[in-house]
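Novice: From TrEMBL, for reference:
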type	residues	note
BINDING	A:Asp58, A:Thr94, A:His144, A:Tyr148, A:Ser218	FMN binding site
DOMAIN	A:34-382	domain 'Luciferase-like'
2 protein chains.
Amino acid sequence: MSAPRQLHFNAFLMGCGHHGAAWRRPQSPIEQLGDISFYERLARSAERGLFDAVFFADGQAVGDVSTGPRWFLEPLTAMAAMARATSRIGLVSTVSATFYTPFHAARMLASLDHISKGRIGWNVVTSMFDAEARNHGMNVLPSHDQRYSRAAEFIEAALKLWDSWEDDALVLDRGGLYVDPARVRPIGHSGEHFRVDGPLTVPRPPQGRPVLFQAGASVPGRELAARYAEGIYAVAYDLASGQEYYQDVKRRIAVAKRDPDTVLIMPGLVTYVGSTQAQARAKQAEVDALLPTEQSLAQLGTFVQQDCSNWDLDVPVPPLPSLAGFTGPQGRYATILRIIEAEQPTVRQLLGRLAAGGGHCTMVGTPEQVADQIELWFRSGAADGFNVMPPLLPESLDEFVDRVIPVLQRRGLFRTRYTADTLRGHLGLERPTIGAAV
Amino acid sequence: MSAPRQLHFNAFLMGCGHHGAAWRRPQSPIEQLGDISFYERLARSAERGLFDAVFFADGQAVGDVSTGPRWFLEPLTAMAAMARATSRIGLVSTVSATFYTPFHAARMLASLDHISKGRIGWNVVTSMFDAEARNHGMNVLPSHDQRYSRAAEFIEAALKLWDSWEDDALVLDRGGLYVDPARVRPIGHSGEHFRVDGPLTVPRPPQGRPVLFQAGASVPGRELAARYAEGIYAVAYDLASGQEYYQDVKRRIAVAKRDPDTVLIMPGLVTYVGSTQAQARAKQAEVDALLPTEQSLAQLGTFVQQDCSNWDLDVPVPPLPSLAGFTGPQGRYATILRIIEAEQPTVRQLLGRLAAGGGHCTMVGTPEQVADQIELWFRSGAADGFNVMPPLLPESLDEFVDRVIPVLQRRGLFRTRYTADTLRGHLGLERPTIGAAV
């Protein structure tokens with residue numbers, strides 16, 4: 001009899017929390033965002049909750065700096081410190097395949113995997129904004145197709161680099177060889193986008209290869225995820241969209257001749273927890289009320305790629321172009337269309353939905369109610385776990401850890417102690433052998 | 001009355017120590033090179049000795065893996081962890097201007113400066129080997145001149161990025177602005193090598209700008225150092241070559257209209273310390289004897305860019321082409337020519353000289369004898385301090401800290417406690433204002 005299927009949780013850390021007005025609360029940690037000990041404390045909280053990993057997004061351009069914190073510490077350097085403040089939890093960072101070279105990315109991630117003793121994951125992104133390209137010597141971002149083609153080759157080169165040292169290459173024979181040169185090989189990669197001779201400068205990572213995550217919502221994004229990802233950060237506004245995504249991507253994984261059970265799909269999840277549902281709702285309304293509507297309209301404008309600044313707040317959202325006619329990032333736009341279709345919200349109501357997690361699934365209620373919904377998604381083919389996006393840091397993470405996790409543990413849905421030392425181990429993934437297909 | 005001039009010390013950490021056979025000793029830490037706690041312990045030892053900083057070299061190609069450890073952990077990620085294991089000592093990493101983009105480098109270094117609370121330095125290098133270029137998409141390394149031209153522009157772009165956030169840009173007004181957008185500005189850099197629009201994603205580093213180090217020995221290298229460096233890692237085999245370099249570079253700094261007193265020149269220094277000079281010499285001979293001559297000849301071949309494998313070990317070194325006719329890295333080659341001219345060594349003797357620190361100054365003796373020589377260099381216009389290159393780790397660092405430092409302290413030449421919290425403070429350098437000339 002195999003062990004019952006278990007939930008997986010990532011803690012997605014961002015600024016003072018994912019709600020756009022989280023930093024405006026009197027008690028927000030806004031003064032601490034440059035202080036690494038703040039992130040170390042969050043990582044320890046998530047580790048106390050036996051989470052699989054903490055996760056950092058990343059971007060290469062500052063965006064609108066006035067409206068709230070976006071980027072501050074660079075995630076790879078922050079994660080090295082967080083690795084030393086924890087001992088079991090995984091640490092996942094976004095690294096863009098559009099701006100790094102595969103050698104830099106593979107080397108840093110391998111080094112971090114050694115520093116953390118096997119707890120590193122890599123969220124592969126292709127980046128979104130021309131402003132990012134213009135910080136790295138380009139005038140505009142390469143096309144969507146070009147970026148995905150580059151990302152696939154980037155991943156292939158990184159995998160080969162991690163495989164360039166055999167596991168037993170370090171001989172450490174004081175009277176003879178340091179390394180057996182026959183067990184460290186060039187990779188000789190030469191493709192459309194990259195030349196990478198290899199080998200890597202870093203011996204094989206403890207996990208063999210850091211764990212690959214992906215978050216694509218577009219068709220090329222889903223295809224890339226199906227081909228390479230071991231964990232997938234999904235965007236699903238409701239159970240139906242979660243099921244659609246889950247089933248579509250699991251099917252694509254099978255088509256790519258991989259075992260769908262070895263790829264974990266984790267939708268983003270925003271939670272407000274209270275002793276009663278009313279209390280949880282009040283918590284949400286309290287931070288919603290801090291949101292400046294002008295700035296929210298400007299942000300909505302970037303999502304729908306038109307000027308929304310004159311939109312009337314208390315009438316239904318005006319008609320938007322269909323997804324097929326939309327040229328920007330597709331995942332969030334599709335969610336906006338779905339919210340509009342399902343709820344016919346006013347503009348103000350839509351802004352409230354988007355302010356925390358941008359249209360990710362939101363659960364508001366008692367620990368039992370939130371656990372009920374998590375269990376429903378888990379048992380209904382919509383999720384293998386969740387990418388928990390605390391709207392308010394540190395409170396929302398702490399309340400998930402201290403109040404929701406115990407309910408799931410009592411139901412036998414989540415571990416009661418770590419049974420592995422590596423991120424791969426937490427996720428139930430095998431350590432890849434050299435040259436293994438993804 | 002101004003305070004008396006004080007020595008400065010960097011601890012240059014490399015593998016099991018700078019001696020090529022250090023790892024072959026029975027007690028060497030060769031098994032620990034992938035374990036970050038090894039480097040954390042070394043950083044704490046250097047901090048116990050009140051060193052200004054620890055320093056990591058870096059390379060982008062693995063080289064000959066069989067003969068001994070070269071690279072393992074990537075230095076920026078390792079330094080983030082080391083920053084959290086220490087509280088006062090500076091942390092300097094090499095970052096190549098040939099393979100990174102200025103935005104990546106400036107961002108990581110700024111992030112590390114926040115993580116360490118103002119203790120980061122950047123050793124700017126231009127890289128040396130075609131094998132490194134072939135890991136980053138090029139077929140060969142750009143020419144020496146092109147690399148230096150690129151490095152100068154790279155530094156300019158990084159300085160502008162660090163200046164792109166004013167010191168008081170973070171307003172943190174919960175009812176209004178997170179950041180004052182008027183105090184965060186694009187840099188609009190557009191040059192021969194790079195386009196970087198900026199601003200940086202990271203607020204201004206605690207030090208304003210991380211401290212710039214350089215190690216150029218060639219004329220373009222000296223010029224780059226004179227123009228930008230705040231600390232210079234020199235290669236000087238003996239006092240005369242130390243004085244020549246020191247005086248030449250201080251003159252170039254003045255020609256570049258900078259104050260020569262604000263740029264610290266730190267030659268590399270290999271020390272073997274014993275209770276008697278005979279004991280110190282025995283320590284050196286013991287590790288020299290572990291050196292495999294065949295591998296040393298191969299390494300010599302890379303330095304002089306010819307095949308030395310058939311050279312007879314016990315006859316004088318054969319004639320070598322003059323510096324003017326040499327196309328490889330010039331600093332080490334010049335040192336080799338100087339050793340040959342000064343000492344007419346046999347090939348075996350030359351290998352012994354090069355095995356630890358490759359021709360850097362070597363001092364062997366009692367703590368007082370080593371302190372005497374350090375003081376002589378310091379008072380004779382050859383050094384403002386030293387880049388200490390422990391031949392054997394951790395012993396050589398510990399013996400320098402525990403036996404040489406106290407002698408220098410008694411002589412009033414070195415601090416007896418830290419009087420600053422930042423690397424800039426330890427080095428006696430001002431915090432740069434926005435837009436300040438270097």
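Residue numbers in this text run from 1 along the chain shown.
Each Cβ is built from the backbone N, Cα and C atoms, and glycine gets one as well.
Because TrEMBL annotations are produced automatically, they should be read as predictions rather than curated entries.
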Novice: CB neighbours of A:Thr94 (FMN binding site) within 10 A?
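Specialist: Neighbour count, Cβ to Cβ under the 10 Å cut-off: 19.
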Novice: Among all protein chains shown, how many Cβ atoms are found within 10 Å of the Cβ of A:Asp58 (FMN binding site), not counting that one?
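Specialist: Around A:Asp58 (FMN binding site), other Cβ atoms within 10 Å: 17.
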Novice: Quick one: mean pLDDT on the domain 'Luciferase-like' (A:34-382)?
Specialist: 93
Novice: Around the C-beta of A:His144 (FMN binding site), how many further C-beta atoms are within 10 angstroms, looking at every protein chain?
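Specialist: Within a 10 Å radius of the Cβ of A:His144 (FMN binding site) lie 18 other Cβ atoms.
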Novice: Between the binding-site residues A:Tyr148, A:Ser218, where is the Cβ count within 10 Å the lowest?
Specialist: A:Ser218
Novice: When DSSP is mapped onto helix/strand/coil, what comes out for A:Thr94 (FMN binding site)?
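Specialist: In three-state terms, A:Thr94 (FMN binding site) counts as strand.
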Novice: In the three-state scheme derived from DSSP, which category covers A:Ser218 (FMN binding site)?
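Specialist: Once the DSSP labels are grouped into three classes, A:Ser218 (FMN binding site) ends up as coil.
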Novice: For A:His144 (FMN binding site), name the DSSP secondary structure in the helix/strand/coil scheme.
Specialist: helix
